[in-house]
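The substrate binding site feature in TrEMBL is assigned to Arg127, Ile150, Ala151, Ala152, Ser153, Gln216, Arg217, Asn218, Arg269, Asn270, Gly271, Tyr272, Val463, Ala464. Positions annotated as ATP binding site by TrEMBL: Glu146, Lys307, 366-375, Tyr377, Glu427, Arg452, Lys454, Asp460. The Mg(2+) binding site annotation in TrEMBL covers Glu146, Asn148, Glu370. As annotated by TrEMBL, domain 'Glutathione synthase substrate-binding' applies to 206-304.
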Amino acid sequence: MAAKGIPEDVLMDNDLIKDLVDVAKDSALLNGVLMRTKETPNSSEVVTYAPFTLFPSPVPKDTFHQALAVQTHYNRLVDKISQDSSFLEEALSTTIKVDDFTGRLFNIYRHVLQEGKTQSIVLGLNRSDYMLDQNGDGSASLKQIEINTIAASFGGLASHTPNVHRHILKVAGRLEDSKRILDNNPSAGLAKGLAKAWELYGSERAVVLYLVEELQRNIFDHRYVENELWKRNIPVIRRQFEDVAKTGFLDQDKRLFVDGREVAIVYFRNGYMPQNYTEQNWEARLMMERSMAVKCPDISTHLAGTKKVQQELARPGVLERFFPGEPDVVDQIRATFAGLYTLDMGPEGDKTVAMALAKPDQFVLKPQREGGGNNLYGAEICQVLEGVKQSTERMAYILMDKVQPRPVHNYLLRLGTPLKLSTCLSELGVFGAYVRHGQDMVLNECAGHLLRTKSDEHSDGGVAAGVAVLDNPLLV
Ligand code: ADP
Ligand code: MG
């Protein structure tokens, strides 16, 4: 147990824990930390608490503030990459040869580039995820796992979890700890970005279109941000790719209409996995990208969030290219990079293969996928690499140093899962929001944070995948 976290004697007091679990679940419901059920994902008749930890998890204060402080730099970096077509072409040139999904996204990107840019308002809502790597001396270093530039979720629910943990800690007799739980309001921060872009679009009737999945268990997370928009009298509609395909069209000025409503912003909460796309959906995506609607994200910003781009950014000199004359910014960003290695054909990639096969437990092998559950660890790395190491198929992956955070004991509360003390690892996410109008960054903010925690039995997977649960940092 880390210093100044929740003491073991509290964690082992079974009677107290049983009481606290009841209190915790009621508090989650009262505070609106909610999810629909697996059985009825498209109805709010019966809902449950979103999975969360019984206790907040210790996070060193300095590292936490470091993560918040670097966010506006990451916002600028993503935005700069999205405007640099020669960098994107080069960085993704090998990936798109062997990865169909990235290839299809890239075709849309090329199409839009050739047609000429249509919308000068750019809206980015992202989440940069980190784990804290243990150093030999007991300190920890902030290491980025990835940056999500599309459909970054849980900002809504994370705005309501602090009150739950504060309450649990008070009932547990730990008033002083409860005061150390920070306020957090990504809902407002993300909505601010959406509202700014909507205002710049400049049509009162035009709507924000949430492009959503077929199964909508996590709707409450969306609703928190959505309701912030309604408060500002900004109309929101929720539609699926199929709806856009059926009723969507562009008028002469390439304004996008869906169900007869002009769309100011398409906010993608879907569209990041191959399974999200039928041929019809690909066409709908292309139409939206070609349109005058603000896209959150646009196709170039989506591509800027790929794992291959992350790996290319870690090469010497690449950050300097994006931030000439700003060595401090370069240093702050680079300090958060874990080791990242190419698997492209050639001597450098061969070296990566040899390194991974020699010490598979020190690495993570990542395909160009989002949404959790796709990465490979340990023996799986060897199995897969042995199969692809001689062929260009290996270029569909990147290799990354495995970050080794310090495990902490906690209870993970999830509907239908028996209560047990788990050894847990946490991942800190920081939300970013920015709006660029032509050449001017008119908004660039850190929009709040998200702590997710999972049992160390799972090496991969997020909250939606049923592995991680919502948490709060207890600064130590
Ligand atoms: P996805 O896009 O599928 O979310 P991530 O890169 O975020 O992919 O990886 C998914 C999960 O795998 C992370 O939430 C984390 O738990 C684990 N993971 C990913 N990269 C690393 C790493 N370098 N070290 C340790 N764990 C990792
Ligand atoms: Mg992730």
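The backbone N, Cα and C atoms fix where each Cβ goes, and this holds for glycine too.
Feature annotations (TrEMBL) mapped to structure.
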residue	record	CB count, 10 Å
Arg127	substrate binding site	26
Glu146	ATP binding site	17
Asn148	Mg(2+) binding site	21
Ala151	substrate binding site	24
Ser153	substrate binding site	18
Arg269	substrate binding site	21
Gly271	substrate binding site	22
Glu370	ATP binding site	18
Gly373	ATP binding site	14
Tyr377	ATP binding site	14
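It is 18 Å from the Cα atom of Arg269 (substrate binding site) to that of Gly373 (ATP binding site). Report note: the Mg(2+) site is defined by Glu146, Asn148, Glu370, and the residues of the same chain whose CB lies within 8 Å of the CB centroid of those residues, excluding them, are Arg127, Asp129, Ile147, Thr149, Ile150, Ala152, Tyr272, Gly305, Lys307, Gly371. Across the domain 'Glutathione synthase substrate-binding' (206-304), DSSP assigns 41 helix, 25 strand, 33 coil. Taking a Cβ cut-off of under 6 Å from any atom of ligand 1, the binding-site residues Arg127, Glu146, Asn148, Ser153, Arg269, Glu370 reduce to Glu146, Glu370. Taken in sequence order, the binding-site residues Arg127, Glu146, Arg217, Arg269, Tyr377, Val463 that lie near ligand 2, meaning a CB under 6 Å from one of its atoms, are Glu146. Among the binding-site residues Arg127, Asn148, Ala151, Ser153, Val463, none has a Cα sitting within 10 Å of the Cα of Pro367 (ATP binding site).
If you compare Cα positions, Ala151 (substrate binding site) sits closest to Glu370 out of the binding-site residues Glu370, Gly373, Tyr377, Lys454. If you measure from the Cα atom of Arg217 (substrate binding site) to that of Glu370 (ATP binding site), you get 18 Å. Under a cutoff of 8 A between CB atoms, and with a sequence separation of 6+ in the same chain, the neighbours of Val463 (substrate binding site) are Ala50, Pro51, Ser153, Phe154, Arg452, Val469, Leu470.
Other C-beta atoms found within 10 angstroms of the C-beta of Pro367 (ATP binding site) number 17, with every protein chain shown included. For Arg127 (substrate binding site), the nearest neighbour among the binding-site residues Glu146, Asn148, Gly373, Lys454, judged by Cα separation, is Asn148.
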